[in-house]
Amino acid sequence: MRSHLVRLPLNATHIRPLAPPRIPQWIPFWQQATYATFQDGIHSRRTQYMKRIRYTLDDGSYFEDPIKRRILRPVLFTLAVGVSSFAIAAYYQQQREDASSWTILRRWFDVDAANRSSSSPGRPLGYGEMHDSADGNSLADRRRQYQDHVHYVHTRYAGVPRALREAYLGAAIRWIGASRQEKFVWSLMAVNAAIFGLWQVRRCQPWLMRHFTHHPFSGRSYTLLTSCFSHKEFTHLLFNMVALYSFAPAVMGIMPKETFPAFFLTAGAASGLLGHLSSMWFSRAALTLPSLGASGILYAVLSAFVCEYPHQKLSLIFLPFYGIEAQHLFPALIVFDTLGVIFKWRMMNHQVHLAGAAFGFLYQRWFLDFWSHYHGT
């Protein structure tokens, strides 16, 4: 679980400062400026680096002003992501609560309808059962949905071999029987896996480098968010997805279900923003590498998990048989990342890790209470 820094080939480190980099013939002409930017002299000095950028980007398509440090746009973008996502979450939560309250009230007064919907004849539905039914997530609804789907598959795809149909229906019943938390986590994992697949296509790499990695001097703010779904190496993807699958469902259980997507997106933008600012002010432009990965979000998820379940025992991937309490393991990770910031270790983006941890802590300790008070829950 780490925020990765893209390692780019240094095949242009021995050219003259103002000489253009060599660009492969397969790169389309409209992407050559982007490719040249990241290929050209990562280990050169700042002034030489900026001269090369000016030479390769005469049209201004990548940097409007390479020397200017862009701070306001990323800050405004992060605020926009947070405010808009939580506003949408508030709207949908209010809609769900209104619909659930009306359905529950109607069923309390319609005893016959409640008895018909009950799992045992003659017993009215309790509050919890009616709430689940109003939410469209009852066991009877799931069973009916699966039976309808089985009938559709066997009728519509009768010519498909039975083994394939059974395999598909096995996955379908797992999906239908999954909770909303699991479905959302699986969807996130599918998005990350799809982008990882695109990284394996050589022609897609320049486009992904431009739009799905964040470089502090690129002038692009939206990559603060898109880079969170991007993984170039399989081990990076594997560690992050295992962590997401392990902790996200539990964290979703401590907050209204509508707020977790907002929490996820805001944590990614906020942690990326701190990494952006630290790179702008404390790193040399010539040595700043593009970053990608969901580690800032995962640190936020893990921080909220530790605050809620401090005595839960966790196991490391490389030590699966030895459990350590969350309240002891997570501070060790924070100390490790703090040392990484102090000693300027460059294998991971430690600033993003610390920002994600701080966001998750503040969210669980303060924002959840504020949200509950705002909604009167």
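For all residues, glycine too, the Cβ spot is worked out from N, Cα and C.
The transmembrane segment annotation in TrEMBL covers 71-92, 184-201, 237-254, 260-278, 285-306, 326-343. Residues or ranges marked as region 'Disordered' in TrEMBL: 115-136. Per TrEMBL, domain 'Peptidase S54 rhomboid' is recorded for 220-365.
In summary, the transmembrane segment (237-254) lies against the transmembrane segment (285-306): three or more C-beta pairs, each 6 or more positions apart in sequence, are under 8 Å. With Cβ pairs under 8 Å as the measure, the transmembrane segment (260-278) is packed most heavily against 71-92, out of 71-92, 184-201, 285-306, 326-343.
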